[in-house]
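Undergrad: According to TrEMBL, the protein has these features:
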TRANSMEM  A:56-76  transmembrane segment
TRANSMEM  A:134-156  transmembrane segment
TRANSMEM  A:190-209  transmembrane segment
TRANSMEM  A:243-267  transmembrane segment
TRANSMEM  A:317-338  transmembrane segment
TRANSMEM  A:358-375  transmembrane segment
TRANSMEM  A:428-448  transmembrane segment
TRANSMEM  A:455-474  transmembrane segment
TRANSMEM  A:502-527  transmembrane segment
DOMAIN    A:587-651  domain 'CBS'
DOMAIN    A:683-743  domain 'CBS'
Number of protein chains: 2
Amino acid sequence: MMDFLEEPIPGVGTYDDFNTIDWVREKSRDRDRHREITNKSKESTWALIHSVSDAFSGWLLMLLIGLLSGSLAGLIDISAHWMTDLKEGICKGGFWFNHEHCCWNSDHVTFEDRDKCPEWNSWSQLIISTDEGAFAYIVNYFMYVLWALLFAFLAVSLVKVFAPYACGSGIPEIKTILSGFIIRGYLGKWTLIIKTITLVLAVSSGLSLGKEGPLVHVACCCGNILCHCFNKYRKNEAKRREVLSAAAAAGVSVAFGAPIGGVLFSLEEVSYYFPLKTLWRSFFAALVAAFTLRSINPFGNSRLVLFYVEFHTPWHLFELVPFILLGIFGGLWGALFIRTNIAWCRKRKTTQLGKYPVIEVLIVTAITAILAFPNEYTRMSTSELISELFNDCGLLDSSKLCDYENRFNTSKGSDLPDRPAGLGVYTAMWQLALTLILKIVITIFTFGMKIPSGLFIPSMAVGAIAGRLLGVGMEQLAYYHHDWAIFNSWCSQGADCITPGLYAMVGAAACLGGVTRMTVSLVVIMFELTGGLEYIVPLMAAAMTSKWVADALGREGIYDAHIRLNGYPFLEAKEEFAHKTLAMDVMKPRRNDPLLTVLTQDSMTVEDVETIINETTYSGFPVVVSRESQRLVGFVLRRDLIISIENARKKQDGIVSTSIIYFTEHSPPMPPYTPPTLKLRNILDLSPFTVTDLTPMEIVVDIFRKLGLRQCLVTHNGRLLGIITKKDVLKHIAQMANQDPDSILFN
Amino acid sequence: MMDFLEEPIPGVGTYDDFNTIDWVREKSRDRDRHREITNKSKESTWALIHSVSDAFSGWLLMLLIGLLSGSLAGLIDISAHWMTDLKEGICKGGFWFNHEHCCWNSDHVTFEDRDKCPEWNSWSQLIISTDEGAFAYIVNYFMYVLWALLFAFLAVSLVKVFAPYACGSGIPEIKTILSGFIIRGYLGKWTLIIKTITLVLAVSSGLSLGKEGPLVHVACCCGNILCHCFNKYRKNEAKRREVLSAAAAAGVSVAFGAPIGGVLFSLEEVSYYFPLKTLWRSFFAALVAAFTLRSINPFGNSRLVLFYVEFHTPWHLFELVPFILLGIFGGLWGALFIRTNIAWCRKRKTTQLGKYPVIEVLIVTAITAILAFPNEYTRMSTSELISELFNDCGLLDSSKLCDYENRFNTSKGSDLPDRPAGLGVYTAMWQLALTLILKIVITIFTFGMKIPSGLFIPSMAVGAIAGRLLGVGMEQLAYYHHDWAIFNSWCSQGADCITPGLYAMVGAAACLGGVTRMTVSLVVIMFELTGGLEYIVPLMAAAMTSKWVADALGREGIYDAHIRLNGYPFLEAKEEFAHKTLAMDVMKPRRNDPLLTVLTQDSMTVEDVETIINETTYSGFPVVVSRESQRLVGFVLRRDLIISIENARKKQDGIVSTSIIYFTEHSPPMPPYTPPTLKLRNILDLSPFTVTDLTPMEIVVDIFRKLGLRQCLVTHNGRLLGIITKKDVLKHIAQMANQDPDSILFN
């Protein structure tokens, strides 16, 4: 089958853009390669070294991916932080400092007002030399919007001009690529450079988007580019996809500082083919990436994780009720978001709207910035907001959210009892409610624009706000009504019963789960963020409820919905195919079509074959013993056939249109003066997959999924009857689910 | 294909003992069942309720498994604790108290001597009323050995008489069962009861074994038994295996208190077919089990985990050198253990030794007990030993291992600087070295005896001792030579540089990794035990080194080695098949054998078929259009054929030996006075899997693995040529690996 490896004709065995790879063939090729190296290794020391270095190249590659994606994540974090602060002002002590660092270096800073120091100048201070009064406010407001527009304009222009693939979160496309699809340039160096730059710009512009999803794309670009340094991975599409799975894990690992969660995310959400070997390597890459990021220390606090929290109070069984309520909210929000966002994206695709991406981005940025500035909670960056919402109020917290009455009136160290909310908390509640509405609405329009945009952070923000609101509500309820039956068994007066920060965390998990339909990886990420097994049950309850509610309202997660919207040929591995159709209902040719186009093994001339190639567009042809018997010999790919005939005509003497093509092992002796024959057995796949016409489609779908086939031949009682391609399978699934089968676009 | 579901003949579609299931058929059956329920659910409210309850029955089952296995684990923990202490003495305040609980209730206990209280009486106190002097020592020694022998005798007798399957760890067999093999009774109620009882006895007898592996077996028994309450799982072998995968996760979850580690263990080590749905359910079952165990609170300290540790000092990069050394030690120990243990088990299987399991157990117990009593570290239970080794010396620790000089001479709270070792530490070092040797030798003979025995704890103990020894060595080196170049950059005088407990933990991970070849799940379990991301890198480094070293000395982990020793038909999913053989080299009939036995679709009589059935032992037969054309129609199983013919002869009028059997859709009209025909299309599998004779075996192995096939037919140019069964594949793999192909025993 793989003889052509030894005498390669350039191009044979490669794929066109927007085509599906054949996993079986790719894995076979890799095993052949491996076998050859192992056999040679006994011959010389040099070959032995080559063999050992080949075996370890996978681990080396993982190390490099970890280092590179960790460094890039650190760079993005630092730049985004600085540019976000640039919207509000600049540091006189050195313009390259962000607000926090600027005041660290200051001598004039007190503990209470950590954020205020003379070195840090707001724009109004710089321009009109004051920070007080309505005019200064307007100046700051104006500068904020101006910077936001500038960043967004730069981001969308760079994407449009240099790398159109750099937009979006990239996860739907990466899922599709990992399932065996080819999108050239999607993980290339231009995409990497432009995505890194524009991601910083997009995050800094204050739009309702996160950098976590795009970081997965960035890590996968790193993986793909580094693959080029290793023969083993450069030339083999299947092996390269193993590396990309690991890179995706490294991406999530640096996005959240959660290496185990990253591996599980790659396993649960992104990957298609995930052997155990990849599991170990992913874990290694994720760890290296996380430690690289920690050494860069972008948050300046030695913490690996994005939102470090520590809670002091255990939860009570009764609290499962509000947690499940949050789960329901998360599921509803997830279903609503997916539906409206997909509807809006479809509108963008099909109407004039899609033609003006720059204007769209500028309008959305302007609206976001104008509405965001007046409200403290929308003005701060979304990750800061989430941090603050997760935070359990300690003694020294100066945040409005911690403005309870009798704040300093406690005896028990850092363990604060439940207290009545003060004015600050009530104000914060109102502002948070407004923030919630703004985030819900604006995120629907933001996700899918032509800039890098992730969904994790906005979804978590929505959930965290809802959770904190509910948490504070519960806390006040428990404080004022601790004699109610539901409270009095576990919540005595003056005790610290309810932690609103935990509610925020549970809400964030619920909303993220509703949108992405992750469960285990989500809980593990959250668990790594907090580092306590204690809260697994609340998180699990919320994540499960959210998934069930959202699934009841629509089966697909946001990534699958976007895959379908774009018509990518992605064969979902999670859904069972549940219809009772047979292979004969799906195969081509259909009942009234002309017969299947086949080649015979020893009776067709070059001209016959070229005619068939020119008259059809099939990507491959079955080869049979004879048209009468229809007994299958093998399968030959169109691309290989074209390249081989062309090559033979150029290089092999005497090949003319009347030369007979032989797919058999030996060609019979030819009478003199006939043109030489063309032997093409080397490009023939002698082990094509076949199923009978009566095979249930559920089994066919299973075979396609598990073996990663591109096509499968259909026989009846030993005779060749038809062919099923991956596209046929996808179209059939779409049809059975009452969707438009023509929405599947590529091969 | 599945028509017989509607008109079931009892027995059709079931399997014999020690046979392999057909995953494709089982999954098809489940989908048919599901489809039927879904279709019916639209008809009536009752059917709708049935459909919903069917959908949730999986979750309910998980809940029950979690509750039951958590409770059993708690019961086992408590009983084993009590009986272990019974070897040393008894509580006068109530014989049902163990040593610790006995002294909790006492008023006469001081903080320094928590273990001594008047209520607790050693055997010498009870018998000769004193605890002092050589005679008392001998009395205690004698009683210790006596109790150990009694427990061991009871354990081995119960196993021998009531449930022979209750011996060993059970993990090799569970792996085999999960891969699709049938061992009736292996997960039955007798096995559960006897294994639970004898596990307590075996652990209490002081043998060098753990309860962690057998707990997985116990949890799987719970899972299997509970499956009988749900139609969906009782009747379907494939669905039941999904439940068992989840049960295995619950087992590890309660064994270590590590739910995430349990799920990953099930995924990495035990399971064969692990869809995402099972991942979620496993996680749920593992959580429920862990929380049930925590509510029972067997350790009396509210801790979920077996070995709770908290370290205060970060590790330094240079320490990776000793950690990697520990990894190498772990790998060497793993390889050594597997080799010697397998050699010993083979001897037991093949010589007279195997006939006297009771005597063998008694001898090993006697040797263990006699050698163990004089040494404090071998006398205590292995899990206590590991706990003590993992422990970081605090201010209040009274253990010998913490007997450093200037113990109380510190100013910095609980953070103790490195100190010179005192006399106690030196004594402990010697005793630990002796313990190490004893454990290494005795475990080799213990694992595989006819009692329940797990490997996790003894392996961890070996590693923990080696690690602690190295750790204390490093600590003293750093104390006395803190001016050496390797130390002086990070370890100033009086600082707390090195944590010997961490070394013990890393060593434990390394040794466990060397024996089981787990990596990710191992690190996650360890990480859950400590709850800190901080130590992932040391653990990972040690686990990886250990795996590499052990793999270099022998590819198999202990479980795979035992599977091979027992000849189970287990198709390893981790190893790639790397040889360049073809399907035609493996298929039956071989080149010079008689032709393949086939049935024709419309020309054989009942007698012809019965003759074939009686003359051959094949478990199935291909059905062809005619012997001349050899064009394949389908495949029929021997068992189904026998049952159907028997059934027809009994129930259908006029079926005689000359009746013609039709596998076609329609039988032609028969002339009058001929016996009625027997239509058997309903038992014919119309979609048998076929490959061509030139298909590389690597692809065939892949198909068998991924689709879970039992057999596959081989064709050449559309003609049926031969058959490959799972056993043929396994024999071929064994042959290629230079092993005896006849070591594969079952079908």
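Note: Cβ is positioned from N, Cα and C throughout, glycine not excepted.
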Undergrad: Select the range from A:243-267, A:428-448, A:455-474 that forms the most Cβ-Cβ pairs under 8 Å with the transmembrane segment (A:502-527).
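TA: It is A:455-474, which has the most Cβ pairs under 8 Å.
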Undergrad: Between the transmembrane segment (A:428-448) and the transmembrane segment (A:190-209), are there at least three Cβ pairs closer than 8 Å, leaving out pairs fewer than 6 positions apart?
TA: yes
Undergrad: Residues of the same chain, at least six outside the transmembrane segment (A:317-338), with any C-beta under 8 angstroms of its C-beta?
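TA: Result: 440, 443-444, 459, 462-463, 466-467, 470-471, 474, 486-487, 490, 498, 503, 506-507, 509-517, 537-538, 541-554, 556-558, 561.
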Undergrad: With pairs 6 or more apart in sequence, are the transmembrane segment (A:243-267) and the transmembrane segment (A:134-156) linked by at least 3 Cβ pairs under 8 Å?
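TA: Counting Cβ pairs under 8 Å, fewer than 3, so no.
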Undergrad: Which sequence-distant residues neighbour the transmembrane segment (A:56-76)? Criterion: at least 6 residues beyond either end, Cβ under 8 Å.
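TA: Cβ under 8 Å, 6 or more out: 196, 199-200, 203, 211, 215, 218-219, 222-223, 226-227, 229-230, 232-233, 243, 246-247, 250-251, 254-255, 281, 284-293, 295-298.
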Undergrad: I need to check the long-range neighbours of the transmembrane segment (A:134-156): which residues 6 or more away from its ends have a CB within less than 8 Å of a CB in the stretch?
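TA: Beyond its ends, the transmembrane segment (A:134-156) has Cβ neighbours at 83, 86-88, 122-125, 127-128, 198, 201-202, 204-207, 357-358, 361-362, 365-366, 368-370, 373-374, 379, 449-452.
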Undergrad: Quick one: average pLDDT across the domain 'CBS' (A:683-743), no decimals.
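TA: Residues in the domain 'CBS' (A:683-743) carry a mean pLDDT of 89 in this prediction.
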Undergrad: Which residue counts does DSSP yield for the domain 'CBS' (A:587-651) in the helix, strand and coil classes, in that order?
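TA: Tallying H, G and I as helix, E and B as strand, the rest coil: 24 helix, 16 strand, 25 coil.
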